[in-house]
Amino acid sequence: FQKIRRTFAAGPRTMHLTSSLLAVAFLTSFGSSMLYGYNLAVVNSPAVYIKEFYNKTVLSRNGTWLTEETLTLMYSLTVSVFAIGGLLGSLIVGMLVTRFGRKGTVVNSTVLVFIAGSLMGFSRLWVFPETVIIGRFITGIHSGISLSVVPMYLGEIAPKNLRGFLGLVPSIFIGTGVFAAQVLGLHELLGKVFIVPTFIQLMLLPWFPESPRYLLIEKHNVHATITALKWYRNNCDIQAEIEEMQEEQHSLSSVETLSVWRLLHDDTVRWQVLTVAVINIGMQLSGIDAIWFYTNSIFENAGIPGPEIEYTTAGTGVIEIIAGLVGCFTIEKLGRRPLMIGGFAVMGICSAGITLSLILQVCVHLLFMRYISVCCVVGIIAGFCIGPAGVPFLITAELFKQSHRPAAYIIGGSLNWLSNFTVGFVFPFLQRSAGSYCYLVFATICLSVAVYVYIVLPETKNKTFMEISRMFSKKGSVLETQALVHVDQLKLKKMNGYGGLDNTAMEPETSSPALISNRPFPGNTNRIG
């Protein structure tokens, strides 16, 4: 922690990376995001043993073996049911974060991990393979919740100049979880239960404060807000952040948290919603889940010797962690757009490279092309972990106000998990029917998303919400332009939750920052000084 703090302390004065911020980022990512990564890849290496377990169980029950098609269907269901649970988790995350808060939702959802771990851990003892599928479904619910609430929580507690860095910490732990699954999935380590990180999170995270923005804007608790900010900022001046949150609170004082239906019909944020939809769908349809779910079979088709496959797969996990670290430590310098565009472009090129290498290996008998296939797989993983793995969740937090953010995460998370399910369930059949050409589908999607991000998405690095909204307003209608008024120059009157131009009061705002900071909060007569 101290080494990372010294790295950022050498930067601009506005950077305030404290031990408390790092601790929360590491705890939430360690106990939630890493578990998500683990469950993405945990069914890959032990696929043979899972199928064998299913076959033996059915044989003992019915006296007959499963057909190849039925066994493939059961294994595909085992892989993809995780995404069905994730979809359910993403649909209820808005209700949970409104009721329990961001930190409270992370802590309370850990009970799902222990239930799922018990079911899957005792499946062989009970000789009941259905518990494996049920356990992965419950784990998917937890991952669906945490995949949305963790970046939401970190985005709200971070100062604007560190949102990118903290927002990509979960992606590092997702890669770490995938690597852990690849190692623990080796035959000699098969069967280990991975719930220790969640237990550590449950023991330590409750001691940290809730999101200051949630405490002030939604709970109107001034004292808790100041306490939380002092905890996360230590001795830094928190007055500017309080003023910023106060302005947002005033603009939303008559607005409750929006539902998904109302968000979809809000013309003022339609480009934001479209962008969240595109990058979340593209994140999953890029083919990364096919790589994680079926790495071993991909390497087998590429001609890698059987005894080397598991260890080659585990070796790719190191690349995931390194790429995640590169993205995390460069996002505040390069910005969000370059990481997204570059990541998707690399994935698209490497997906096309897999197709080309497999064709040349079969048709021209160039055996060294098998290693080109491995390099392309590594390239896809590296490109994903540098940007597309974490930036979409960070962007979702940055594009919306407090009242719109939960619904935005429901939309993004739902599309993310639906796409995840589609890839996990369809890929084995697509691979059978299209062969090596199936990767061209992923290449087309990746390059298309890169082009969309280049054309539509503005750079949000170190920008406030109003600045981001003004950039998007150039792409919208007059309604959007009316909704985006700079708070330092014009008075606002409440209209549709965002505020519109007050034609009767177009004079510049004359209140000084000191006067703004001394305005009473709604429902509280205390002044902030």
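Just so you know, glycine gets a Cβ as well, placed from its N, Cα and C.
In TrEMBL, annotation is done automatically, which means it is predicted and not curated.
According to TrEMBL, the feature transmembrane segment maps to 21-38 (among others).
Look at TrEMBL and you will find 25-461 tagged as domain 'Major facilitator superfamily (MFS) profile'.
The transmembrane segment annotation in TrEMBL covers 73-97 (among others).
The transmembrane segment annotation in TrEMBL covers 109-127 (among others).
What TrEMBL records for 133-153 (among others) is transmembrane segment.
Summarising the annotation, TrEMBL assigns transmembrane segment to 165-183 (among others). Beyond the ends of the transmembrane segment (165-183), by six or more residues, the same chain brings 8, 17, 21, 25-26, 28-30, 32-42, 44-45, 150-151, 154-155, 157-158, 189, 194, 292, 295, 310, 313-314, 316-318, 320-321, 323-325, 327-329, 331-332, 385, 389-391, 393-394, 397 to within a C-beta distance below 8 angstroms of the stretch.
TrEMBL lists 339-359 (among others) with the feature transmembrane segment. A Cβ distance under 8 Å defines the sequence-distant neighbours of the transmembrane segment (339-359), meaning residues of its chain 6+ beyond its ends; these are 279, 282, 286-288, 298, 301-302, 327, 330-331, 369-370, 372-373, 375-377, 379-380, 382-384, 386-389, 391-392, 435-437, 439-440, 442-447, 449-450, 453-454, 457.
Through the fold, the transmembrane segment (371-395) approaches residues 147-148, 150-151, 155, 163-164, 167-168, 170-171, 174-175, 275-276, 279-280, 282-283, 286-288, 291, 295, 298-299, 302, 304, 312, 316, 319-324, 326-328, 331, 336, 338-347, 349-351, 353-354, 357-358, 361, 412, 416, 457, 460 of its own chain, all at least 6 residues removed from its boundaries and within a Cβ separation under 8 Å. Sequence annotations record features per position, and here TrEMBL assigns transmembrane segment to 371-395 (among others).
Under the heading transmembrane segment, TrEMBL lists 407-430 (among others).
Here TrEMBL flags 436-457 (among others) as transmembrane segment.
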With the transmembrane segment (21-38) as the reference, which stretch in 73-97, 133-153, 407-430 has the largest tally of C-beta pairs below 8 Å?
133-153
Suppose you look only at the domain 'Major facilitator superfamily (MFS) profile' (25-461); what would the mean pLDDT be?
82
